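Single-structure report; data block below.
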Amino acid sequence: MSTPSLTRRIRAPQAEQAPAPRTERRSPGAWARRAPLLPALVFMIVVTQLPFVGTLVISFMRWNALDPGDRGYAGLQNYKEEFTDPQLRHALTTTVVLTVAVVLVSLVLGLGLALLLDRKFLGRGIVRTLLITPFLVVPVASALLWKHALYNASYGFINGALTWIWSLFGSDNPPQPDWLTTHPLLAVEASLVWQWTPFMMLILLAGLQSRPMDIAEAARVDGAGTWQIFRYLTFPHLRRYLELAALLGSVYVVQNFDAVFTITSGGLGTANLPYTVYTTFYQAHDYGQASAAGVIVVILSIIVATFALRTVSSLFREETR
Amino acid sequence: MASVALPSARRRLAPAARRERRNRSLLGLLAWLCGIVFFLPFAWMVLTSFHSEQDAATNPPKIDAPLTLHGYREFFGSGTGVSPWPPLTNSLTAAAVSTALVLVLAFPAAYALSIKPVRKWTDVMFFFLSTKMLPAVAGLLPVYLIAKNAGLLDNIWLLILLYTSMNLPIAVWMMRSFLAEVPVEILEAASIDGAGLPTILVRIIAPVVTPGIAATALISFIFSWNELLFARVLTGVVAGTAPVFLTGFVTSQGLFLAKVCAAAVCISLPVLAAGFAAQDKLVQGLSLGAVK
């Protein structure tokens, strides 16, 4: 089944109820329908698709800004270099590890928090507000906060807290690891998990609160335990919210630049694809090379996006039930 | 019989109910604990922003150090004479104007995708979404080269244009989901009255979907305000935005923690305020309108 036929069912009934257009003059009617859509569509094609065509063209060129005289057709040279360059392969692995780790951990934490917040307790609104704060801090600000105020080996809060705790037990020799050099990727991941857990929690909480309560209550009367209710009723209902949260989270985390750029400057094996493309272009001035990297990133994204889009369309198909 | 059985049953239930209540308050306590843990880094940032540079860089941390506005004075340019207002104004302009453009483009588009759908409207929807899945960084170089040749580098309008394109797909998806909920009867009445499309959109649909428009505007504003990569590469002294300005507070020498924290708080403040004020809108927006 093709994607369009899956999604056409979304809210098609409503569309059919709308007054039918005059059929005798078909093409003016069709254009009248298209007219409101065209500005947005044309705008998107011009601003987002044309640059990619540019990237594609430049990727086949020998073009270094520091050597402007030597510009010309390079064939597949840039691609050959990209594929033999261990840096790109490493960046690819880093991107996958970073995205999967951040999305999975924040999804699990977000689910736990959503389950906690789903029940009534004193000050629930306040706790919810406390929990979404990390998501509302500007990403660069958050990255700077983690790098300098928390991770810093000599005066960061984490090591400061270690000193304080150790001193409680009368020790003046607390461990003071330099988090950014010992666990660089983990450091970036932790800051991103902090930012994205609230996002996951908000979507999952909305999912939890939209589930029909009468079924759960009937199951409870029939003697189902809390775990059984979660496993067989809550979780299946929550599945599409989990998928939606994971998908949207991946779309943003895979493109993350701010945290990698700020916290480690791509050093110590934390350079992901966006950061690598940025450095090839911004620091090395090798336009051809940067474009080839860009094209590869786009192709990989298309592969991932195809699966993601299929998920989205199945989500919307379920929504109509 | 029944009058004998009831009290004993109640007595048997009582410990279970008590256990239930204890569990509930324990879980509430756990929720509070998690909330505080997640809030702690932010609280530390705010506290540090009110400390002097010397007190901010101590180990162990001086939680009860005297409070000062020194960091904030630094942010507003007391030491360097560099005013934060141009970057803040730039960010506000870029976020507000691009959000307005996004709404103006997305609203009619959503109409043509839901109420009177064009043929193959799902393909159009997926085209919009797919542009969001392509990494923006891959288009950075051509955009830079075009901007350079057109003399648009360091121009806020270039950012406005790019931010509009970044948020338009999300906005189209969100607006469509809101417009699909508009009752058909309203529209039928309007079209019988012979109202034109602009009238229908502004007078009839807009009032019904105001919460949806607000959610869309909120998300678009936040993402534009936060953007760093394009702002960093495509702007300089004139059109630099707040996130770019913020990265400039980190210096290689001397203490800077308090003023960085003060700057981070100031720059996050608009987003925090908007987000807290519209928590439910935030959920709707983040899920592209799928969660209501």
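Placed from the backbone N, Cα and C atoms, the Cβ positions cover glycine too.
The region 'Disordered' annotation in TrEMBL covers A:1-28. What TrEMBL lists as compositional bias 'Low complexity' is A:12-21. Here TrEMBL flags A:35-61, A:96-117, A:129-146, A:185-208, A:241-267, A:287-309 as transmembrane segment. As annotated by TrEMBL, domain 'ABC transmembrane type-1' applies to A:92-308.
Fewer than three CB pairs closer than 8 A are found between the transmembrane segment (A:287-309) and the transmembrane segment (A:96-117), and contact between the two stretches is not assigned (pairs 6 or more residues apart). Where the transmembrane segment (A:96-117) meets the stretches A:35-61, A:129-146, A:185-208, the count of C-beta pairs under 8 angstroms peaks at A:185-208.
Listed as Cβ neighbours of the transmembrane segment (A:185-208) (distance under 8 Å, sequence separation of 6 or more from its ends, same chain) are residues 94, 97-98, 101-103, 105-107, 109-111, 113-115, 117-118, 128, 131-135, 137, 139, 142-143, 146, 151, 179, 234, 237-238, 240-242, 244-245, 248-249, 252-253, 256, 259-260, 263-264, 268-270. Residues 95, 98-99, 102-103, 106-107, 110-111, 139-140, 142-144, 146-147, 151, 180, 184, 187-188, 191-192, 196, 199-200, 203-204, 206-207, 273-276, 278-279, 301, 304, 308, 311-312, 315 of the same chain lie 6 or more positions beyond the ends of the transmembrane segment (A:241-267) yet place their CB under 8 Å from a CB of it.
Counting only same-chain residues 6+ beyond the ends of the transmembrane segment (A:35-61), those with a CB under 8 A from a CB of the stretch are 71-76, 78-79, 287-288, 291-292, 294-295, 298.
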